[in-house]
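What follows is one structure encoded as structure tokens, with my remarks underneath.
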Amino acid sequence: MLSATAHSQLCRLRPLPALKPRPLTAAAASSSPLADQSPPSTPPPRPSPPRSQILTLRRSLLARETTAVQLAESYLARLRLVEPRLNSFLHVSDSVLREAQAVDDRIGRGEDVGPLAGVLVGVKDNICTADMPSTGGSRILEDYRPPFDATAVRKVRELGGIVVGKTNLDEFGMGSTTEGSAYKVTANPWDISRVPGGSSGGSAAAVSARQCMVALGSDTGGSVRQPSSFCGVVGLKPTYGRVSRYGLMAYASSLDVIGCFGSSVADTAILLNAISGHDRYDATSSKREVPDFISQFTASNILEDKPLEGMRVGLIRETLGSGVDSGVVSVINAAASHLEELGCIVKEVSLPSFSLGLPAYYILASSESSSNLSRYDGVRYGSQAVADELSSLYGVSRAEGFGSEVKRRILMGTYALSAGYYDAYYKRAQQVRTIIQKSFKAALDENDILISPAAPSAAYKIGEKKNDPLAMYAGDIMTVNVNLAGLPALVLPSGFVDGGPSGLPVGLQMIGAAFDEEKLLKVGHIFEQTLRGHRFVPPIIEDDNTC
């Protein structure tokens with residue numbers, strides 16, 4: 001466990017720039033009895049570091065106030081305590097304590113340790129890990145152990161991070177509840193009778209319940225952002241190309257991105273810093289320089305009255321209409337008012353093509369999945385069924401290995417790509433995608449960021465939509481357009497609606513221009529620091545000494 005001293009202080013990777021003090025007005029200066037005297041030599045307040053479990057841990061480790069082994073034992077104890085009720089993990093690593101001891105040994109020898117030293121990281125099970133199973137949530141990969149780490153995982157390990165385990169997901173990322181896993185159903189830490197969202201529900205639930213500090217997920221149409229909203233954590237979908245997809249099991253290659261979960265904006269930013277950058281194994285990864293995402297964070301004790309003064313924020317009109325719960329609308333309107341209090345100029349903007357995104361997304365994603373998942377045939381990849389003929393082997397292996405939702409999307413995609421229908425479906429969906437990209441660009445040319453709900457409702461009951469795929473698909477309306485446009489988006493917990501033992505969290509989605517994650521994180525950090533009256537720690541946590 002971290003010491004009381006460690007919890008009362010935060011640490012930082014680098015000092016934050018202090019804001020310039022505002023000068024007295026002329027009238028105030030002339031009327032002041034001290035106007036003609038030298039000002040007292042009172043030092044300006046020192047910037048307080050951002051709220052961050054990662055930075056707190058780093059300070060504590062380097063100060064020898066705690067050890068990586070002690071922290072790992074604490075998190076593993078919590079994981080084991082709540083896991084029977086949550087089912088966040090498909091596999092828990094048996095080498096966590098050994099890796100933590102290695103971190104302590106390096107510190108003991110006075111060696112440099114990376115910014116993620118001792119940090120326990122959950123990894124979604126469609127991201128490859130060499131020392132653990134990687135099933136994609138599917139029976140067809142039940143016994144698969146990759147011979148390599150995904151690039152994002154490799155970077156986490158190189159910076160000292162410890163992969164605590166593989167988190168549950170909808171099979172191959174196809175779903176919005178994590179009920180589509182072939183192995184277990186994950187529950188929401190705020191109310192275990194409700195879904196955590198999907199498809200990265202295991203990662204979101206694990207971070208929310210403090211089973212790990214941060215986690216990796218994947219986002220093809222909202223699979224990081226919607227679970228973040230449901231579970232009350234911070235979730236970031238980076239710009240397409242910001243993070244290498246090498247080692248991510250392909251669902252829809254033109255839409256897939258690896259994203260980050262954290263309990264604070266700072267933790268999420270640190271994880272994004274760790275995994276971003278060009279990778280020679282992924283031709284779609286960008287060669288743009290990766291900024292230090294937390295270097296421009298403003299400390300809470302030196303914030304001006306209106307720290308976001310002049311920032312233009314567009315509230316997307318189409319995201320607050322019919323089909324969106326009234327409680328969600330109230331939370332988003334309150335968040336918009338809070339941004340106005342911080343100095344933002346908030347106005348409604350219209351994206352007329354917004355409603356076209358959902359059908360276009362499901363045509364394109366299903367088409368790409370029908371191609372990508374053809375490799376799982378029992379010969380190249382996947383469990384092999386017993387059959388007398390090759391065609392039967394293919395058919396039986398896939399029939400037994402794939403779940404119902406995966407089969408449904410493969411069939412939809414194959415149909416959309418078939419002769420005679422390609423122009424009517426796939427080509428037309430690509431044309432709609434171009435229209436959506438142009439509409440977002442136009443809106444972001446006039447605004448610094450756009451905001452919307454991350455989902456049309458808070459978390460719903462397990463089983464409520466499992467047998468109604470169209471209703472489940474409709475829940476992605478807030479997020480799929482961002483993937484089609486390839487833009488970054490940050491989800492922040494911003495309020496609650498009624499439900500569960502202590503209310504259900506609702507997330508605010510902030511959308512930025514391509515490769516402008518730095519601005520999103522800076523705004524999100526100020527929003528997070530200044531939001532009052534909410535504490536996003538779920539009731540399943542009984543002992544929150546490490547929260």
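Numbers run from 1 along the shown chain.
Each residue, glycine too, has its Cβ placed from N, Cα and C.
The region 'Disordered' feature in TrEMBL is assigned to 21-52. As annotated by TrEMBL, compositional bias 'Low complexity' applies to 21-39. Residues or ranges marked as compositional bias 'Pro residues' in TrEMBL: 40-50. TrEMBL lists 71-521 with the feature domain 'Amidase'. Sequence annotations record features per position, and here TrEMBL assigns active site, charge relay system to K124, S199. The annotation active site, acyl-ester intermediate is assigned in TrEMBL to S223.
The Cβ of S223 (active site, acyl-ester intermediate) lies under 8 Å from the Cβ of L169, D170, G173, S176, G198, S199, S200, G217, G259, each of which sits 6+ residues away along the same chain.
Note: K124 (active site, charge relay system) has non-local neighbours K166, T167, L169, S200, G202, S203, A215, L216, G217, S218, i.e. same-chain residues 6+ apart with C-beta under 8 A of its own C-beta. Its own atom aside, the Cβ of S199 (active site, charge relay system) has 34 Cβ atoms within 10 angstroms in the protein chains shown.
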